[in-house]
Amino acid sequence: MTQRRTGGGCLFLVIVLSVLGIAYHLWERGTSVTPTGVTTSDGSGRYVALGDSYTASPGTGRPVGAPVGCDRSDNNYPSLLAASLRPAEFVDVSCGGATTEHLTDEQKTRDGTNAPQLDAVDGDTTLVTVGIGGNDVGFVGFAGQCATQQQTASPCKTRLTSGGRDQLAGRITAVADRLGGVLDQIRSKAPEARIVVVGYPTVLPDDDGGCWPLLPVGAGDVAYFRESLARLNTTLAKTAKEHEAGFADMSTASKGRDMCTAANRRWVEGPAPAAPAAPLHPNARGEEGMAEVIEKLLKVA
């Protein structure tokens with residue numbers, strides 16, 4: 001796909017949407033799609049992967065078409081984890097653009113409608129990973145207004161915290177209630193399953209300057225978005241603990257591997273990926289690292 005430069009505002013729109021997995025559809029696959037979704041081996045147990053585009057990982061491997069329209073790769077962390085664990089059955093229903101709502105309700109994609117992701121969980125399921133929550137924050141409505149040519153500006157933070165109320169913080173709090181309900185439903189459907197909530201990796205650097213001008217985002221907004229993602233991860237971890245699920249901390253493992261680091265270190269690609277991946281999504285190195293974090297967690301009694 002040939003991309004056309006349309007200015008800082010449009011580039012920033014891609015950046016912010018991609019950071020939380022909302023703009024998976026901006027990436028267009030260039031290879032054919034093979035309908036798959038369930039694999040089996042001679043091992044034991046049943047592993048079900050639920051999640052959004054940070055789980056689906058468009059572009060990092062061969063596209064798989066079940067569920068349809070989800071831009072899911074066969075080289076994402078669920079596939080890598082399954083290859084190592086070798087469960088008797090592996091079902092990956094992660095889908096780009098998914099929210100917590102789409103775990104319990106249908107999700108419409110450009111190619112059709114997908115069943116609720118929780119439909120894949122049954123009484124034989126022994127492991128469930130859940131990578132969800134970023135899209136619930138809902139950045140789409142204001143993302144295009146956040147670009148700035150002033151390196152120290154913070155237009156998004158100013159608008160989203162006006163009146164003393166942090167809108168993103170409120171949305172993140174709402175994620176906890178919805179995710180908690182989902183975890184309870186998973187436990188009800190699969191009483192013997194190990195449940196792991198998967199956090200988001202580090203996307204933005206500790207340096208508020210970011211990667212200017214690659215990212216046309218003011219220092220104040222770099223800090224604001226970074227802190228908001230950290231708050232989301234903290235919320236996911238707390239909710240997992242409250243509902244007796246494990247939490248895979250990706251932010252710690254990926255620290256120093258954000259989109260602004262060297263191409264041979266980063267887990268998350270920038271707006272113009274140097275390695276196969278959707279813009280501002282994990283690359284193959286990131287997916288491999290995420291799989292390793294989860295596998296280490298599973299080895300803990």
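Glycine is treated like the rest: Cβ placed from N, Cα and C.
Since this is a predicted model, take the numbers as computed values, not measurements.
Feature annotation from TrEMBL assigns active site, nucleophile to SER53. The active site annotation in TrEMBL covers HIS281. If you look up TrEMBL, you'll see CYS70-CYS95, CYS146-CYS156, CYS211-CYS260 marked as disulfide bond. The annotation domain 'SGNH hydrolase-type esterase' is assigned in TrEMBL to 49-287. Under the heading transmembrane segment, TrEMBL lists 7-27.
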Over the span of the domain 'SGNH hydrolase-type esterase' (49-287), how high is the average pLDDT in this prediction?
92
Quick one: Cα separation, CYS156 (disulfide bond) versus CYS260 (disulfide bond), in Å?
21
Work through the recorded positions one by one (SER53, CYS95, CYS146, CYS211, CYS260) and name whichever has its CA nearest to the CA of the residue listed as 'active site'.
SER53
Could you state the whole-number distance in Å separating the C-alpha atoms of CYS146 (disulfide bond) and CYS70 (disulfide bond)?
27
For the disulfide-bonded residues CYS95, CYS156, CYS211, work out the Cβ neighbour count at 10 Å and name the residue with the minimum.
CYS211
For the disulfide-bonded residues CYS70, CYS146, CYS260, the one whose C-beta sees the most other C-beta atoms within 10 angstroms
CYS70
In DSSP terms, helix, strand or coil for CYS146 (disulfide bond)?
coil
Rounded inter-Cα distance in Å - CYS70 (disulfide bond), CYS211 (disulfide bond):
29
A correct count of other C-beta atoms within 10 Å of the C-beta of the residue listed as 'active site' gives 31
Do me a favour and check the Cα-Cα span between CYS260 (disulfide bond) and CYS95 (disulfide bond); whole Å is fine.
26
